[in-house]
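What TrEMBL annotates here:
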type: DOMAIN; residues: 100-305; note: domain 'ABC transmembrane type-1'
type: TRANSMEM; residues: 9-29; note: transmembrane segment
type: TRANSMEM; residues: 100-125; note: transmembrane segment
type: TRANSMEM; residues: 146-167; note: transmembrane segment
type: TRANSMEM; residues: 179-196; note: transmembrane segment
type: TRANSMEM; residues: 240-262; note: transmembrane segment
type: TRANSMEM; residues: 290-312; note: transmembrane segment
Amino acid sequence: MKYFAKKTLTLIITLFMISIATFFVFQIIPGDAVANMLGTEATPEREEALRQQLGLDEPVPVRYIEWIKGVAHGDFGRSYRYAENMNEMMSVSRLIGDKLPVTLTLAVLSLIMTVILGFFIGIVWAGCKSRTLDAVFGIITQGAMAVPSFFLGILIIFFFGIILRLFTPGQYVSYHDSVAGFFGYLIFPAFAMAIPKSAMAARFLRNAILEQGGLDYVRTAKSKGCTDRRIMWRHILRNAIIPVITFMGTVIAEIVAGSIVVEQVFSVPGIGRLLVSSISTRDFPVVQTLILYIAVAVMVVYYIVDIIYGIVDPRMRSNED
């Protein structure tokens, strides 16, 4: 029980520190959001009035307390750039709510592809008896790991979009218009993110399987007449999967963070593109919330992985306790 309590307390403290860093960093970086909003119509009087309206005339600690109170109630403030109507700026929650399903779908598709490709290649590679094939698998996975997702995205656009014309680059289809078109378009950026991650997963799983294959319990199972297939699926994989769980937590976190760049390449209107555009326009409420969203998502993934790891491997709990 101490193991789970310690992990939960660590998560809470980490999220609190992230919220402080996220807020205060954007208070000290150069640039004036008020002047940027007013543009050529900026005057000292208008700037002062807008600062009071946005609460920017308050001390930074006071603004943080007000912001964190709002976050606790699901209120992340209002955008400095996007308007609800002529008289009111759009709430950050609504703005992100329109983009979040897109990024989540992209991340889930990429994760599914990573698991399927990584586990399939890893298992086949581990059972490979030919030195030539083993070397081929090694070269391919090493190359896939070395190529950035955004460059793979460019290659996919060129090959599948321009040459084969399986999709139209830049012509994103909203899930409101066509679910089939939505998934059909997101498959390609998801594939771009999945290729290097699946190569990493394959190498990790292959090494774990080979390590388990040399242990005494495998030789004992063989001496009892168990087939290689039975040993693989009943014994080796069951134990090899434990360290892979921790690795997959890192993969999920990298997929969430990596979607920011890939969305730019494929013109996918998710939170990644929104983050980039909000940084360029100094829309700080949106930027703060998006960074907090991403940080929370990554930390929660690591937390869940730690909990699962503690359940499947009781030795972890005993060491912590």
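Cβ coordinates come from backbone N, Cα and C, glycine included.
The transmembrane segment (146-167) shares the most Cβ pairs under 8 Å with 240-262, out of the stretches 9-29, 100-125, 240-262, 290-312.
Sequence-remote contacts of a segment are chain residues at least 6 beyond its ends whose Cβ falls under 8 Å from one of its Cβ atoms, and for the transmembrane segment (240-262) they are 103, 106-107, 110-111, 114-115, 149-150, 153, 189, 192-193, 197, 200-201, 204-205, 208-209, 211-212, 268, 270-272, 275-276, 294, 297-298, 301-302, 304-306, 308-309, 312-313.
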